[in-house]
Amino acid sequence: MISSAEDLWHQILERLQLLLSRPTFETWIKTATVQSFDGQTLTICTPNPFARNWLQKYYLKTIADVAREIVGKPVEIELAIAQGAEHDTSIRPTSRGEVEATPPAARHRGSELNPKYVFSRYVVGPNNRMAHAACLAVAESPGREFNPLFLCGGVGLGKTHLMQAIGHYRLEIDPNAKIFYVSTEQFTNDLIAAIRKDSMQSFREHYRAVDVMLVDDIQFIEGKEYTQEEFFHTFNTLHEAGKQVVLASDRPPSQIPRLQERLCSRFSMGLIADIQPPDLETRMAILQKKAEYENIRLPREVIEYIAASYTSNIRELEGALIRAVAYISISGLPMTVENIAPVLSPTVRKIETSPEIILKVVSEALNVPISDLKGNSRRREISMARQVGMYLMRQYTGLSLPKIGEEFGGKDHTTVMYSCDKVAELQRTDPEMGSLLRQLSDRINLASRSTEP
């Protein structure tokens, strides 16, 4: 029995706290209050238009579903802005099925920030520690220490996450802050549209009346002379006004072809923070945190397997986790390495490597000289290391069995086949062997990447 609007909202909050991650709940749900409930419509007040728009876009259906479960019938949700917010003098409900026009103060694309891209969900490791610290410093004191801040790194390494985390952090401190997140492609498209409509003045006011400007994929500005010209003046206007500029690219400014020298100079005059691919421990931590936020229980060996299989970027890593979880959910099988391996194997991209790298990795990791790997010693530790090396060489090279035998001192191809089958069987039945192979695979991947031109 629902005694009041406050009682219903309290029950909804209790359930949402279990359904959503803690940062999401505390940032977007806990700050809202209830205004009324007439038996059919529940009106919820948010502290500002930004929060209202966010709930409307991402959590309205979840709230409605929870309310329906509690009340026992469909409940319509209306979102309103609390009295006094954004200098308003009244509560203004947002009509169902219609998103209210964004107020001028919120028209900057801060409202397009991904709610998951916050600092609390970013896993810090040796590969990104400097970039994370720089972004946090910028978020706390924009326009001071590192301006501009230039983030560079490969695809899927977390540049966009860090950029948008800066925006979220500033909006938590000051909901009225004008945060502008935009891709270089969007900047170019807006510029072209402004030229066609003869509205350059409006374009410039739009892009220059911001507190923090976050520009993604700035490398795509290369060769676009007029875009570079306009961006140069936009950058200067913001920088001279003490406004923070954060740029992200897949390469440092000096390596962006056909970039004007003056832009290259300005992009480089702040801090350039490089983000590298995460190491094995960081990848495992990323998977663990992702699983915790999604309320997924993962055995450690599964985390190790996925982390060792996907080494290039975080996007692929999380995609593999999603595929594994989806398969287990649909099939009803237990979450084990054996069950998820067939689902992930077709898309696991092993790096083609050389026999020399594999011999070196196995020798160093197992403390067995390469001469012994190629020799005929039957000592248990040497024989096992040799078999592991043969297995890995079959996995990571295109060599035939006879060719692999030649790499190990002229062994017969039947010996290679026996060794590969034995190690494969041990991988399925012996957790220690599985862990060893994942560690060696990770080392091979890293060693192979370091030798790429």
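Heads up, the Cβ atoms here are built off N, Cα and C, so glycines get one too.
The region 'Domain I, interacts with DnaA modulators' annotation in Swiss-Prot covers 1-73.
Confidence in the region 'Domain II' (73-111), given as mean pLDDT, stands at 51. Annotation source Swiss-Prot lists region 'Domain II' at 73-111, citing sequence analysis.
Annotated region 'Domain III, AAA+ region' per Swiss-Prot: 112-328, in sequence order, evidence recorded as sequence analysis.
Look at Swiss-Prot and you will find G156, G158, K159, T160 tagged as ATP binding site. Sequence-distant neighbours of G158 (ATP binding site) (same chain, 6+ residues apart, CB-CB distance under 8 A): Y122, N128, I275, I314.
Taken from Swiss-Prot, the feature region 'Domain IV, binds dsDNA' covers 329-453, and the record attributes it to sequence analysis.
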Counts by DSSP class (helix H/G/I, strand E/B, coil) across the region 'Domain IV, binds dsDNA' (329-453): 91 helix, 0 strand, 34 coil
Other C-beta atoms that fall within 10 angstroms of the C-beta of K159 (ATP binding site): 25
Neighbour tally for G156 (ATP binding site), based on other Cβ positions within 10 Å of its Cβ: 16
Shell list (ATP; ref centroid = CB of G156, G158, K159, T160; cutoff 8 A): G153, V155, L157, H161, L162, A248, I275, N313, I314, R315
Counts by DSSP class (helix H/G/I, strand E/B, coil) across the region 'Domain I, interacts with DnaA modulators' (1-73): 46 helix, 11 strand, 16 coil
Structural state of T160 (ATP binding site), classified by DSSP into three states: helix
